[in-house]
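To start, the structure itself, in structure tokens.
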Amino acid sequence: MTAPSQVLKIRRPDDWHVHLRDGDMLKTVVPYTSEIYGRAIVMPNLASPITTVDAAIAYRQRILDAVPAGHDFTPLMTCYLTDSLDADELERGFHEGVFTAAKLYPANATTNSSHGVTSVDAIMPVLERMEKLGMPLLVHGEVTHAEVDIFDREARFIDTVMEPLRQRLTALKVVFEHITTKDAAQYVRDGNDYLAATITPQHLMFNRNDMLVGGIRPHLYCLPILKRNIHQQALRELVASGFTRAFLGTDSAPHSRHRKETSCGCAGCFNAPSALGSYAAVFEEMNALAHFEAFCSLNGPQFYGLPVNAGWVELVRDEQQVPENIALADDSLVPFLAGETVRWSVKK
């Protein structure tokens, strides 16, 4: 990476965790990802989850149809794990190059996860098949028991689900997605080469005070929820250290304004327009720009066993204001950092 004071030039990055939705929303949000990233791991939690090869092929085509001319973008599809998923269908999708990975949502952990897994034991034959195939398991790492405080769900998941699973299937490749706690940061750091993590810009930039003090800020509400400052700092220190098994995963998750600004709002930050510049700002603040390219563009492909993108992206130190909103057919989207000035932006 070359890093003059005003320009950052890096290999074209990938987004290893994104929600592109469907229908009109998909058509609106896809270009914000396809313009910047060479590839993206696409989450399968649509209203009708992606559980079959045919459904994934059809969804992939809808995504590709929404990619503007001139954008070189490859969506990497994932399979939504359910208690009744057919392991043969999953293996077929992996061998045919349709499924890159499979996603484990604990039932009711986040948006459109009611079809999720009730217990790891229920899908153990599928996970054993994935271990044999070398197919990555992507994990939303939170327990959903009613008695567990929402701020403790990730740490509890490590102890009661993640560690027993990894002890049982020692060669299963696992991505601990959107980690939010010092517990998870330490767990991944202490893990072996079969364990990696993605980290979002919002969890690096903010903590729960930013969301709750002086008025509630619904556009910072996401799941896993923002945690204490000590957890934010642990994540920042992990990426600043140059740790090679952590990589970019925005978890960009658009919801229309009326579904966010309501008495029972949806979880998710639509950060695709400003995420790369947000990451750059964090690395700069941590005096860690030397590790920025690896986090964005190299660590993910290394873990997934994929080639690094051939192209390049330049970020320029050019203060720009994030739009207040983005028009939808019958509503609007409020992007992450709406109305705020960002230091780094992608050169068009």
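Each Cβ is built from the backbone N, Cα and C atoms, and glycine gets one as well.
Within its own chain, D251 (active site) has H17, V18, H19, E177, H178, T198, T200, C222, G268, C269, N271 as residues 6 or more apart in sequence whose C-beta sits under 8 angstroms from its own. What Swiss-Prot records for D251 is active site, and it gives sequence analysis as the kind of evidence.
Here Swiss-Prot flags H17, H19, K103, D251 as Zn(2+) 1 binding site. Here the Cβ of H17 (Zn(2+) 1 binding site) has 26 other Cβ atoms within 10 Å, regardless of which shown protein chain they belong to.
The feature substrate binding site is assigned by Swiss-Prot to H19, L20, R21, N45, H140, L223, H255, A267. Here the Cβ of A267 (substrate binding site) has 16 other Cβ atoms within 10 Å, regardless of which shown protein chain they belong to.
The Zn(2+) 2 binding site annotation in Swiss-Prot covers K103, H140, H178. In sequence order, K103, L104, Y105, P106, A109, T110, S113, E177, H178, P224 are the residues of the chain that are 6 or more apart from H140 (substrate binding site) and have a CB within less than 8 Å of its CB.
The N6-carboxylysine annotation in Swiss-Prot covers K103.
Put plainly, the binding-site residues L20, L223 were compared by Cβ crowding within 10 Å, and the winner is L20. R21 (substrate binding site) counts 22 other C-beta atoms within 10 Å of its own C-beta, drawing on all protein chains shown. All protein chains considered, the CB of H178 (Zn(2+) 2 binding site) has 26 other CB atoms within 10 Å.
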